[in-house]
């Protein structure tokens with residue numbers, strides 16, 4: 001991954017252990033996001049970790065691959081985690097995702113009663129956890145979601161930025177090589 005990873009200089013003690021754990025799973029989410037981007041989807045990856053540090057789900061976006069507008073990494077991960085547990089209540093689980101969830105995903109997260117959400121970079125256009133909306137803390141939410149933000153934020157941001165830059169270059173190249181159309 002050609003992204004700037006932070007130096008391993010972490011605080012010591014429990015906070016260091018927690019940060020190292022969050023970084024470990026966010027790195028896995030970044031790998032899944034990379035695979036999604038290579039497959040033509042927006043590079044977002046998600047990992048659900050359950051009790052005992054057990055991975056219940058690890059997926060990337062698959063909207064293009066599945067031709068399904070709801071196939072966001074978060075929704076796919078929540079579905080698989082619930083299936084693995086045989087229970088849609090994910091109170092004892094943590095979801096790691098590279099990008100702040102959109103309104104659909106934030107709603108699914110709240111409905112799943114997720115224990116902890118950890119996301120990498122904010123989404124200033126459609127983030128529905130802190131940036132644009134705050135669905136988890138809204139009056140309609142009867143579940144108070146714990147949220148940790150900014151874990152490997154810069155690599156997560158760079159990954160998305162590089163993918164969109166590459167996509168724009170490819171679209172410009174494609175537009176330049178298209179044959180002229182006849183006007184009737």
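In case you wondered, yes, glycine gets a Cβ from its N, Cα and C as well.
Now, the feature entries from TrEMBL:
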{"type": "DOMAIN", "residues": "20-132", "note": "domain 'CMP/dCMP-type deaminase'"}
{"type": "BINDING", "residues": "72, 102, 105", "note": "Zn(2+) binding site"}
{"type": "ACT_SITE", "residues": "74", "note": "active site, proton donor"}
Cβ neighbours within 10 Å, counted over all protein chains: which one of the binding-site residues 102, 105 has the most?
105
In the domain 'CMP/dCMP-type deaminase' (20-132), how many residues does DSSP call helix, how many strand, and how many coil?
48 helix, 25 strand, 40 coil
CB-centroid shell, 8 A cutoff, Zn(2+) site 72, 102, 105, site residues removed:
73, 74, 75, 101, 103, 104, 106, 108, 128
